[in-house]
């Protein structure tokens, strides 16, 4: 059947917190593009260009725009939950100038779609990773002259990170878990999680993080308030004198020394996250199946995606 004769379907998408909801009609989505340019890589975009106009169903005023370099693209993300929604380009005329992050689309199994990988790193201008101003991690479990040190940041550089692990993530000697989860929040960002201890990770620029909590509000996730790149997860702070449920206390006791970090923030010249995915080093954990990474490690809780 020719493309022009394909059955048209109505799709509905939203950021995770539900402040921004959109719809569009297009042929059935069967594939998407994974680009390795600096912004697509860090935000985990799974891009589609349906060549149609979006219908904005709900706009809660949380959408923020990020531009960089020659500012030919306008990247839209929710400033509350960090979800990257869509982008528009000056290189094409509407509606072909719009790329939608298919991860936002409801009831779309991203892992079942065909991935088309595009190498855009050679296109000028080159992206220069921001420099981490220090200090560097010095975990007790790893001698100073051993281990592997990674550097990273959000895209704009307002938040930087340094991470030290016992062995390279690509190495068979690395025994820690690397996980990609399909829960409603993780799937929207294509996050690839590692689970270092607190003293293995140093974050600079924490004042530039926006924290997002949902469901039982046991965990919060921090993304850059300027560019929207998600950096890490941590327990929700407990105020002095605050009553805490036994469930939360038990979770915090098991979580207090762990700081999950999104490996997409690591500089690409130091770590190929997409290579880890394609090479089978990253575990795909389906939340609905029970016993998945978010359930067993309790990084984030499932939620119904309402419009």
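Cβ from N, Cα, C; glycine included.
Mean per-residue pLDDT, taken over the domain 'CENP-V/GFA' (11-128), amounts to 93. Feature annotation from TrEMBL assigns domain 'CENP-V/GFA' to 11-128 (among others).
Positions annotated as region 'Disordered' by TrEMBL: 121-142. Through the fold, the region 'Disordered' (121-142) approaches residues 36-38, 69-70, 149, 151-153, 156-157, 160-166, 197, 199-202, 204, 267-269 of its own chain, all at least 6 residues removed from its boundaries and within a Cβ separation under 8 Å.
For 123-140, the entry in TrEMBL reads compositional bias 'Pro residues'.
If you look up TrEMBL, you'll see 150-272 (among others) marked as domain 'CENP-V/GFA'. DSSP places the residues of the domain 'CENP-V/GFA' (150-272) in helix, strand and coil in these numbers: 23 helix, 42 strand, 58 coil.
The domain 'CENP-V/GFA' (11-128): residue composition by secondary structure is 12 helix, 50 strand, 56 coil, according to DSSP.
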